[in-house]
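Enquirer: Marked as signal peptide by TrEMBL: 1-27. Feature annotation from TrEMBL assigns domain 'CAND6/7 N-terminal' to 33-157. Annotation source TrEMBL lists domain 'GOST seven transmembrane' at 176-416. Here TrEMBL flags 178-198, 205-223, 243-269, 311-333, 361-379, 385-405 as transmembrane segment.
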Amino acid sequence: MAISLRSSPYFFFLLIFVFSLFSFSFAEIRFSEIRSDDRSIIPFDEFGFTHTGQLELNISHISFSNPSPELDLSQVGFFLSTRDSWIRVLQQIQDLDITCALQSDLVKNVFTFDKLKGANSFNTLYSETDSNQFTLVFGNCLPQLRISMNVRSAMYNLDGKSSSRDYLSAGKTVLPKIYFLFFLIYFSLASIWIYVLYKKRLTVYRIHFFMLAVLILKALNLLCEAEDKSYIKRTGSAHGWDVLFYIFSFLKGITLFTLIVLIGTGWSFLKPYLQDKEKKVLMIVIPLQIVANIAQVVIDESGPYAQDWITWKQVFLLVDVVCCCAVLFPIVWSIKNLREAARTDGKAAVNLMKLTLFRQYYIVVICYIYFTRVVVYALETITSYQYLWTSVVAGELATLAFYVFTGYRFRPEVHNPYFVIDDEEEEAAAEALKLEDEFEL
């Protein structure tokens, strides 16, 4: 049984609120199949229009579970709505001013099914002259009516000079250039790191080659993302670049989290092996990253119209949070072990320096996770749709800073900085640890 807009306005308020938490697709040309669906609201892509916006909508193979001629098909159709307008529409429904979202003057009706006149398909071109961010929505205000159809939607803006189509939302149209710029930066960093490894080859550990692999995968990931968005911008399709993007995104995610775990355990720097509990962390993080990447592919490729789209989004967010928490445990264990060793083995200065380094890394990892998961999302939420690219830049700059810090603090050294300690530093470190213990007591 369909859920009526009139009977459950709060349900759809919650629905749109949940959708507003996430970023929809980049509105490339999308093909969607709706089969025996009784949902009252089916959201499709969100898109930022300029004053030259266009929406192409091609619907075919339309069928109803109840093909009665008495159906009021004016209550079934497609419309465009902003997030602010949708909240006001829900208020109108709650106040019984209207019984269907399609009746509101706050939304922009694209096509209602009463115009079908017995046909099972239609094509329409809708011009949008108001600069704003709209969501394409299908509304079905007829309870118990199930609808099947194939939907092809394409939203784009026309360039004022050449009238060429730009399939990227306003505010995201500069993303290809941004991603390519960061690719050049990471390519340069990888080249510098190769030079450092060659110059310091006598003191290079295995972890340094692992760092190089992470840099290269990050650069390739950015290159594929730049090409992916560039093709979408010009043609509305990724032309296979999305597949390469998913592959390198998967490899980059696994290697980055693995690197954080390995550095946190002191592998290669302090010891040539991993303890059982540290191996278990890797055995948790790697499968979770596989699940996260599967969820990301489903989210990007299906779009919000899919019935399980929100579920996959929740899975992705949950897995990402668990991974971020899991990688912190090895660092905490290393800090705890170094504190205990500083009190027992007589090498206070050595262990204090290690302890300081791991504490710094622990703080930096937390700041990186917080910024890229919370602050970037907040920027995306509060920033005007015309400047959504700023959240991408902020996230990439934070990631770049994290990579640079990690490489600098754990770079190859001719002399191990942990063990180049004189007697005065040893005594000062012992006093510092003693004062720290007294403070904790």
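A Cβ is built for glycine as well, from the same backbone N, Cα and C atoms used for every other residue.
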Enquirer: Residue list, the transmembrane segment (178-198) vs rest of chain: Cβ under 8 Å, 6 or more residues beyond ends.
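Expert: Cβ under 8 Å, 6 or more out: 204, 208-209, 211-212, 215-216, 218-219, 222-223, 225-226, 229, 389, 392-393, 396, 400, 403-404, 407, 411-412.
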Enquirer: Looking at the domain 'CAND6/7 N-terminal' (33-157) alone, can you tell me the average pLDDT?
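Expert: On average, pLDDT over the domain 'CAND6/7 N-terminal' (33-157) sits at 89.
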Enquirer: Per DSSP, what is the residue tally for the domain 'CAND6/7 N-terminal' (33-157) in helix, strand and coil?
Expert: 21 helix, 64 strand, 40 coil
